[in-house]
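Student: From TrEMBL, here are the annotated features:
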{"type": "TRANSMEM", "residues": "6-23", "note": "transmembrane segment"}
{"type": "TRANSMEM", "residues": "30-49", "note": "transmembrane segment"}
{"type": "TRANSMEM", "residues": "77-98", "note": "transmembrane segment"}
{"type": "TRANSMEM", "residues": "110-130", "note": "transmembrane segment"}
{"type": "DOMAIN", "residues": "130-330", "note": "domain 'NADH:quinone oxidoreductase/Mrp antiporter transmembrane'"}
{"type": "TRANSMEM", "residues": "136-154", "note": "transmembrane segment"}
{"type": "TRANSMEM", "residues": "166-188", "note": "transmembrane segment"}
{"type": "TRANSMEM", "residues": "208-232", "note": "transmembrane segment"}
{"type": "TRANSMEM", "residues": "239-260", "note": "transmembrane segment"}
{"type": "TRANSMEM", "residues": "272-293", "note": "transmembrane segment"}
{"type": "TRANSMEM", "residues": "305-330", "note": "transmembrane segment"}
Amino acid sequence: MELLLALPVMLPLLGAAITLLLRHHTRLQLGLAVVTLVAIFTIALLLAWHVTQHGVLVLQIGNWTPQLGIVLVADRLTALMLTVSSFVTLAVLVYSSAQSVSENVERTPVAIYHPTYLTLVAGVSMAFLAGDLFNLYVGFEVLLASSYVLLTLGGSASRVRAATTYVIVSVLSSVIFLSAIAAVYAAAGSVNMAELAVRLDGLEPGTRMILELMLLVAFAIKAAIFPLSAWLPDSYPTAPAPVTAVFAGLLTKVGIYAILRLETLLFPASQISTLLLGAAALSLLIGIFGAVAQTDLKRVLSFTLVSHMGYMLFGIGMTTQMGMAATIYYV
């Protein structure tokens, strides 16, 4: 059963490679992509059933030590997120098959849409299943690369500008995240989340605070939490409708998922709950006021998404069981 943990990552990567070879046969591409996502959704349901009945699943790949190795972990939260994400990506793919990926069909390289989309799914799955910080970073980078390609489908100037803004901000987030990983390893001697949950308790409070803030900033950029959300309203509205749908439904949620893990597993006794609540309240207000001021529907939805991120962060900032449950339900 543990081997199933690798399939939500490996299957879409394999599917992406095959669909790329079938770039001149878009119907075959679509069929293979749908079959791949149906398989991932089925695997996610099996994982959800298993972890509910038998507890956490862990897969350690290779003979590396847990401190440095690739560890995939599935608990109830992971299984839930994987199930929801696979369903959303499948639904969006079916929707996109009946829609033009771009308003300008003849300029849209549809042949690369399905391979890139499956690569995006692999990145999302990797982020949810990662049992260590470095492979969470790898999942984020796969997301970044594939989402940039999806944002620029059609090649219009507005899309390239929006994608450039998105990439610059995402690279900044990645640099902060990678620096935080290096700092965590230097301080605690591991990047495995299960081990860090124990080792971080032995650090000085000031060191813990710095590490937590570095990781929080990196994840807050991914989740579009105010004041680190300025990139979202300019990036998402220019994308094709199916791409906007999957971005709004998944990508920012991956950032919220990372913050949830950060505050419940690595820093459960966090002293920055007031900061989280303040950022959540500002995200709520800025998102709503920004949406009211817009005339374009996609920009209205983008600002509304910022507001929704505030709701989710507010539940985490409450640091209570009910607050965490509300965040998970909202996601």
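Any Cβ shown, glycine's included, is placed from N, Cα and C.
A quick note: this is a predicted structure, and the numbers were derived from the prediction, not measured.
Situate these features within the shown structure.
Tutor: Outside the transmembrane segment (77-98) by six or more residues, the chain places 8, 30, 33-34, 37-38, 40-41, 44-45, 47-48, 51-52, 113, 117, 120-121, 124-125, 128-129, 240, 242, 245-246, 249-250, 253, 257, 260, 328, 331 with a CB less than 8 A from a CB of the stretch.
With a threshold of 8 Å between CB atoms, the same-chain residues lying at least 6 positions outside the transmembrane segment (110-130) that come near it are 5, 8-10, 12-13, 15-17, 19-20, 23-24, 26, 29-30, 32-33, 36-37, 40, 71-74, 78, 81-82, 85-86, 89, 93, 96, 101, 136, 138-143, 145-147, 149-150, 153, 246, 250-251, 254, 257-258.
Sequence-distant contacts of the transmembrane segment (136-154) (same chain, at least 6 residues past either end, Cβ-Cβ under 8 Å): 101-104, 107-109, 112-113, 116-117, 119-120, 122-128, 130, 160, 162-163, 166-167, 170-171, 173-174, 177-178, 181, 222, 235, 238-240, 243, 247, 251, 254, 258.
Through the fold, the transmembrane segment (239-260) approaches residues 77, 81, 85, 88-89, 92-93, 95-96, 99-103, 108, 117, 120, 124, 127-128, 136, 139-140, 143, 147, 150-151, 153-154, 159, 162, 216, 219-225, 232, 298, 301-302, 305, 309, 312-313, 316, 324, 327-328, 331 of its own chain, all at least 6 residues removed from its boundaries and within a Cβ separation under 8 Å.
Packing against the transmembrane segment (272-293) from elsewhere in the chain are residues 209, 212-213, 216, 220, 225-227, 229, 233, 263, 299-301, 303-314, 316-319: each is 6 or more residues past its ends and has a CB under 8 Å from a CB in it.
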Student: For the transmembrane segment (30-49), give me same-chain residues lying six or more residues beyond its boundaries with a C-beta closer than 8 angstroms to one of its C-beta atoms, as numbers and ranges.
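Tutor: Same-chain contacts beyond the ends: 4-5, 7-8, 11-12, 14-15, 18-19, 22, 57, 74, 76, 78-80, 82-83, 85-87, 89-90, 93-94, 97, 114, 117-118, 121, 125.
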Student: So which residues does the transmembrane segment (6-23) touch in its own chain, when a touch means Cβ under 8 Å and the partner is 6 or more beyond its ends?
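Tutor: Residues 29, 32-33, 36-37, 39-40, 43-44, 59, 61, 72, 82, 86, 111-112, 114-116, 118-119, 121-122, 125-126, 129 contact the transmembrane segment (6-23) from elsewhere in the chain.
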